[in-house]
Amino acid sequence: MHDNRIYIKEVQGHQHRWQKLINLTHSSTKAAGAMLLAAVAALVVANTAAHEPFLEFWHTHIGFFFGDAVGEMSLAHVINDVFMAVFFLLVGLEVKYELTVGELTNIRQALLPIMAAVGGVLAPIGIYLLFNAGDPATAGGWGVPTATDIAFALGILALLGNRVPAGVRVFLSTLAVADDIIAILVIAIFYGQSPSLGWLAAAAAVLAVLVALNRGHVYSLAPYLLVGAVLWYCVYMSGVHSTIAGVLLAFTIPSGSRVNLRSFATWSDTQVREASRAYDPDEPVLAQSQYVKTVEHLSHVARQVVPPATRLEHKLYPWVYFGILPLFALTNADVSFAGMDVGALFGSPVFFGIFFGLLVGKPLGIMAMSFLVVKLKLANLPENVNWLHMLGASILGGVGFTMAIFVANLAFTDAVLVATAKLGILLASLAAGVLGFTFLLVQARGAQKQGVAFVRAADGAEEDFAALPTADREDARESREMLHDLGEGYESDPRGLA
């Protein structure tokens, strides 16, 4: 018995270390840091002698041969068309969560960030067209300054820890999700090629198969992913941007559990007792077939408790935010000034439209629409959130980066215009991030001087109880200890879905 207790303690230690790794890879702050490092590396390499070999590497073609059939594309296209479809799959899963059980289920509660997102799209479009409406070559870039990079924006906000109320994070994350929905529609409608009706019909048929799998209560992920790959190919061949396939796939993956939780609690208790009775401490585990069979059955059913959409989202998160998006930044943030008129770049209407669209248009549109919705009494500000918090969050909404660069690659074909757009995106995102963070930090320090503080969990940030009254401080510590006792998995995921 003593040896068993030691073994269990060791297993718990391994689980604790593994959970720390999971927490690390689910941190929006660290994800934003990884993308920032990749973007800086791309900028540095783009302006050195290594730029040409760097470009040649990303234009290396890879593919497969099957008889007479040949499939190939460059590494850059693999990242932009294949890997980014996986990113949009994750975005789709996050949107589905919000629509199913998250902030977008209550329309009155969701109205403020949804309308703010609409304002945050319309104002940048207006500012961009103010500079570019008369030029057909550049007017098509109006979609570039409309999107918010959720990973960067929330990563910057997470650096503030408990200095801002939880309502600010909820507002900004919900706004970013609504913003993503608009961006997906914009890409699908305005930035695809002339669609092939035959391939669109094929994509519709494949989508019908995915819906049938969902309606048929198929809870295994493998069939969805296999059919989803076929859907990606059909959408890719249709002329509509292939990343839309990721969103469509996400909405067909079941978000419910095939196991009744109340029945599972009773059944699992029975299985544990059966395993306990079948176990013989004097025999090797491999020789105890009934014990192994019972434990395997319990493990298999327990796995089915977690909905497939949640399982896939948790698996994808570290790969997307620490692999795909940094790779995307590395291949697409390479703005080279060699042989270019830098003055002309900074003086370009495209640069002005994107830079001011993100830095001015985003916060202006978000704040104006939020103010209108609140004044019309259609919605209220989140709890403990004031207009200064809203302004800080609105400025962070101007961090475009990933989605903005993605749209820029679709909107422009001229290399100079693409470089100009990327320059505007990078500088505006940097300025919005610094200004938004500084504004919220200064506002929080002013609030703390007046004895106001907020306690919340934020991506592994340690709660600061020093600014709280003694009684509240003790309550906060007790709450945190209780959460810790409930399990590390709860703290790692603010949704409570470990």
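Using N, Cα and C of the backbone, Cβ positions are placed for all residues, glycine too.
Caution: TrEMBL annotation is automatic and unverified by curators.
Listed features, source TrEMBL:
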type     : residues : note
COMPBIAS : 471-487  : compositional bias 'Basic and acidic residues'
REGION   : 469-498  : region 'Disordered'
TRANSMEM : 31-50    : transmembrane segment
TRANSMEM : 82-99    : transmembrane segment
TRANSMEM : 111-130  : transmembrane segment
TRANSMEM : 142-161  : transmembrane segment
TRANSMEM : 168-191  : transmembrane segment
TRANSMEM : 197-214  : transmembrane segment
TRANSMEM : 221-238  : transmembrane segment
TRANSMEM : 244-261  : transmembrane segment
TRANSMEM : 319-338  : transmembrane segment
TRANSMEM : 350-374  : transmembrane segment
TRANSMEM : 386-411  : transmembrane segment
TRANSMEM : 423-442  : transmembrane segment
Contact ranking winner - 82-99, 168-191, 319-338, 350-374 against the transmembrane segment (221-238), Cβ under 8 Å: 82-99
Segment-segment contact (the transmembrane segment (31-50); the transmembrane segment (142-161)) at 3 or more Cβ pairs under 8 Å: yes
Beyond the flanks of the transmembrane segment (197-214) by 6 or more, those residues with Cβ under 8 Å of it: 223-224, 227-228, 230-231, 234-235, 237-240, 245, 248-249, 252-254
Cβ-Cβ under 8 Å with the transmembrane segment (319-338): same-chain residues at least 6 beyond its ends: 25, 28, 30-31, 34-39, 41-43, 45-47, 51, 54-55, 58, 75-76, 79-80, 83-84, 86-87, 90, 151, 345, 401-402, 405-406, 409, 419, 422-423, 426
Ranked first among 82-99, 168-191, 350-374, 423-442 for CB pairs under 8 angstroms with the transmembrane segment (244-261): 82-99
Contact call for the transmembrane segment (350-374) against the transmembrane segment (82-99), three or more Cβ pairs under 8 Å: no
Annotated stretches the transmembrane segment (142-161) and the transmembrane segment (82-99) touching (3 or more Cβ pairs under 8 Å): no
Top partner of the transmembrane segment (111-130) among 82-99, 168-191, 386-411, 423-442 - counted as Cβ pairs under 8 Å: 168-191
Residue numbers, six or more beyond the limits of the transmembrane segment (168-191), whose CB comes under 8 Å of its CB atoms: 88, 91, 94-95, 98, 102-104, 110, 112-114, 116-118, 120-121, 143, 146-148, 150, 153-154, 157-158, 240-241, 243-244, 247, 366, 382, 385, 389-390, 392-393, 396-397, 403, 406-407, 410-411, 440, 456, 458
